[in-house]
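Quick look at what TrEMBL annotates:
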ACT_SITE  Asp291  active site
ACT_SITE  Asp717  active site
BINDING   Ser255, Lys261, Glu262, Asp291, Lys483  UDP-alpha-D-glucose binding site
BINDING   Lys484, Asp508  Mn(2+) binding site
REGION    1-74  region 'Disordered'
TRANSMEM  167-185  transmembrane segment
TRANSMEM  191-211  transmembrane segment
TRANSMEM  788-812  transmembrane segment
TRANSMEM  824-843  transmembrane segment
TRANSMEM  915-939  transmembrane segment
TRANSMEM  945-966  transmembrane segment
TRANSMEM  978-998  transmembrane segment
Amino acid sequence: MSGGGSDYANYTVVMPPTPDNQPYGGGGGAPSSTSTGGTKPDDFPLPPYGPKLVNRRGGAGGDDAPGAASGKMDRRLSTARLPAPSKSLLVRSQTGDFDHNRWLFETKGTYGIGNAYWAQDNNVYADDEDGGGGGGPVKMEDLVVKPWKPLSRKVPIPPGVLSPYRLLVLVRFISLFLFLIWRVTNPNLDALWLWGISIVCEFWFAFSWLLDQMPKLNPINRAVDLAALREKFESVTPTNPTGRSDLPGLDVFISTADPYKEPPLTTANSLLSILGTEYPVEKLFVYISDDGSALLTFEAMAEACEFAKVWVPFCRKHAIEPRNPDSYFNQKSDPTKGKKRPDFVKDRRWIKREYDEFKVRINGLADLIRRRANAMNARERKLARDKAAAATPDAPAADATTVKATWMADGTHWPGTWLDSAPDHAKGDHASIVQVMIKNPHYDVVHGDAGSHPYLDFTGVDVRVPMFVYLSREKRPGYDHNKKAGAMNAMVRASAILSNGPFMLNFDCDHYIYNCTAIREAMCYMLDRGGDRICYIQFPQRFEGIDPSDRYANHNTVFFDGNMRALDGLQGPMYVGTGCLFRRYAVYGFSPPRTSEYRGIYGQLKVPIDAHGHSSGAAVAEELRPLSEHPDHEAPQRFGKSKMFIETIAVAEYQGRPLQDHPSVQNGRPPGALLMPRPPLDAATVAESVAVISCWYEDGTEWGQRVGWIYGSVTEDVVTGYRMHNRGWRSVYCITRRDAFRGTAPINLTDRLHQVLRWATGSVEIFFSKNNALLASQRLKFLQRLSYLNVGIYPFTSLFLIMYCLLPALSLFSGQFIVATLDPTFLCYLLLITVTLMLLCLLEVKWSGIGLEEWWRNEQFWVIGGTSAHLAAVLQGLLKVIAGIEISFTLTAKAAADDDDDPFAELYLVKWTSLFIPPLAVIGINIIALVVGVSRAVYAEIPQYSKLLGGGFFSFWVLAHYYPFAKGLMGRRGRTPTLVYVWAGLISITVSLLWITISPPDDRITQGGIDV
């Protein structure tokens, strides 16, 4: 075909003779006789979509309607009928392909109704004769309603990993049982004392392994849907027409005690990371508890609040992660990665300079406060002398007696602890302080503009900063202030008066938010269906500044990624002190709205409990009696005499409920209930917050007994979490893809051992108290009970561990072994137990994500800590229970690091402590025993290599576990004096020769009581 416009005079379109390209002959007749395919598929009309038959090719009727065939002709020959066809269209037709784009563009059909497409004319289906229209017009709102979504879900461990893991636990349990039976029935008659010690230790180790392993049988993972959280609580809906956040309020607590041990710059960085987190600004309230009431901390926080006015908007503008300025500026990665705004480099350069100046001001505060105090006190002394001279001009001049006060920048006395202690201004003797440093911001977004800052452009950026309050509770002589637990309870009461967030998140001063969306992920669990039964969300603890090899297992990943993840599949993880988001109502000592009791030998019978805590009319123990059951539950003996505080309890409970947006949600609240702005703070409210943190407020109340953080233990965190689980609450372990929070950990051997000593001492206190899991209620699941029982029992393993570590040496010294001979049965059992343990380790690595090196480091430090800190904790606990004597292990010597440029210089510090004595004794005795054993075998006329092999292998195994300890005592790499090795060798050789002289080898071979 040729012709058309002048542009296409020489253009030819070749139409191949396919069934799709054959034109009809005539106006509406049958197909051309050249068609070889008979009736074509295109000849059949499409099914109708509406009340009338609509042909998608343009005909308004069936094949018999006039123009039906011509419509087909028009489609097939549309290029020929164009008066001026375009070149691209002709090229498209030249390929012989059907032009679907043009065909769709020209269709006059309809797609019907659905959420993919709806008709523009809402009444097109309203007059359906056969009732197919649904009885009314179709509207857009009817078609785009989104289904209900859960905020979180459980992600089970793959059965291919979990099933073999459970099977291996069973196999190892049976192997241990049979092995212990064999050991009991096959004593070593030649060394019954050695056999007896080993049997006792092995029975205890099997019991300890069972306590640790059983709670790991049901590990799970979890996932959240942050998009669903945003849709439910921060999207425009009929109940939220403005799109304002409907999320509940959150109170964040930071604890600090001594600015000279806990640097204020570290605390300030933690505060800045919290102020900049991704949570509605008007719903976030930050509190810091300064238990030392130091002016240094107070002024450091004031400086941090001033810097936050530029740091927080900068983080929001450029999506900075992490929002701790010190960690952000010390990152080794490229800071421009993923940044697209052209002014990022300029803004970052300016904010980095501001942060450097901020650090210098913080570092100079201590000296500034001291110089200010000296100057102001000198002025006061001068004024006192002048006043005394004016009163008695004839008297000789004398120095007037004035107190050496600590002064604030405004020229007034600091009401807290002074640099030079004085009455009412000393540690343990000072007044309450409540200072709102940043007021509650406006409830609507406040955007910056181009002229709001001389160097940074915050146009379109929310410049609001969350509310921040400095607290220091009152302390007076004669009162037991209960350390950190008392400070936490004071913050709970003060925050209830000032903000009353239904959820609370606590941090140590050296921990900061590393993932700014972590709080939102925790809220997904609290606000999801069934979230009203969750008492707290525990995050794993992650640490910075630890040596790459993690010599002393500071990361503790076996516990945080293994044990805690497994507990999440039961009743929930334990509370471990920091990085935990609480439900305020649960902290007040109330029982959950719904719970169950687990009865039977191992809790196999699940019995639901009614709303009043009763089951089948049985009496309820005092610990389980819900406070809301009593008409006088608001009496002062429960929560204190503050009526304003008591009124906040019901409000906090209601605001912490999940949304009632689905029939399956129980105990919910209606959407949009938390959209109203908060009233501004007034003087009466602040005065009430000062009163509730006074030292006398808890007298005659249940604070620390059933309400708040529990008193009476060094490890108040574990006890507090145990009490909540014992009332039937559940907890959740929240592991985020990016670490939620990060902190610091002691990398020095001495500091690490003292940390473990404190934890173990708290565990011993738990075992000898009413918080022992053996006395738990039936609301605690059986495996959860075992995990808490293990918390109180594990320090006692040190008594058996140190004996077992000395058994190889005793074997080498005596020439005997724990078994009569290395029997094949003994070796097979030993091999089976070891292989199953290794396979269990590999599978645990698989489902927990920990590394083999981390697992081995944990095993090594378990032996090191078990023979030092755990042993000391047991002795200290026994002396405290039996004789009321408390023993404290303190440092007796300290060495300084030589290289200040080394980030791990602290790792090589050697600080002598009495905790070093037991491990050193074990190492020394085993080394000497090895030399003695080898010497005995060399000098004996009939060497007994089997016993040397057994004792020597286990002795080497013990020494391998102590390798990090020995390396820590050697100090810096490559600087161990050669004299140490020389003296160690000389002492070992001398002792071994002396032993051979005193107890020469015997030529007899004793076996089974028969001398050969």
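Just so you know, glycine gets a Cβ as well, placed from its N, Cα and C.
What you see is a predicted model, and the numbers here were worked out from it, not measured in a lab.
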Subset of recorded positions (Lys261, Asp291, Lys483, Asp717) lying within 10 A of Asp508 (Mn(2+) binding site), CA to CA, in sequence order: none
Whether the transmembrane segment (788-812) meets the transmembrane segment (191-211): three or more C-beta pairs under 8 angstroms: yes
Among the ranges 167-185, 824-843, 945-966, the one whose Cβ pairs under 8 Å to the transmembrane segment (191-211) are most numerous: 167-185
Least Cβ-crowded entry, counting other Cβ within 10 Å, from the binding-site residues listed as Lys261, Lys483, Lys484: Lys261
Check: same-chain CB within 8 A of UDP-alpha-D-glucose site center, minus Ser255, Lys261, Glu262, Asp291, Lys483: Thr256, Ala257, Asp258, Gly292, Lys484, Ala487, Cys509
Cβ neighbour count (within 10 Å, all chains shown) around Asp291 (active site): 22
Close recorded positions near Asp291 (active site), where close means Cα within 10 Å, chosen from Lys261, Glu262, Asp717: none
Cα-Cα distance linking Asp717 (active site) and Glu262 (UDP-alpha-D-glucose binding site), given in Å to the nearest integer: 20
Distance from Lys484 (Mn(2+) binding site) back to Lys261 (UDP-alpha-D-glucose binding site), taken between C-alpha atoms, in Å: 15
Surrounding CB atoms that lie within 10 Å of the CB of Ser255 (UDP-alpha-D-glucose binding site), all protein chains: 22
Nearest-integer angstrom distance between the alpha carbons (Cα) of Lys483 (UDP-alpha-D-glucose binding site) and Asp717 (active site): 12
Sparsest Cβ surroundings (other CB atoms within 10 Å) among the recorded positions Glu262, Asp508, Asp717: Glu262
Separation of alpha carbons, Lys484 (Mn(2+) binding site) and Ser255 (UDP-alpha-D-glucose binding site) (Å): 8
Cα distance (Å, whole number) from Asp717 (active site) to Lys484 (Mn(2+) binding site): 10
Maximum Cα-Cα separation (Å), residues Ser255, Lys261, Glu262, Asp291, Lys483 listed as binding UDP-alpha-D-glucose: 16
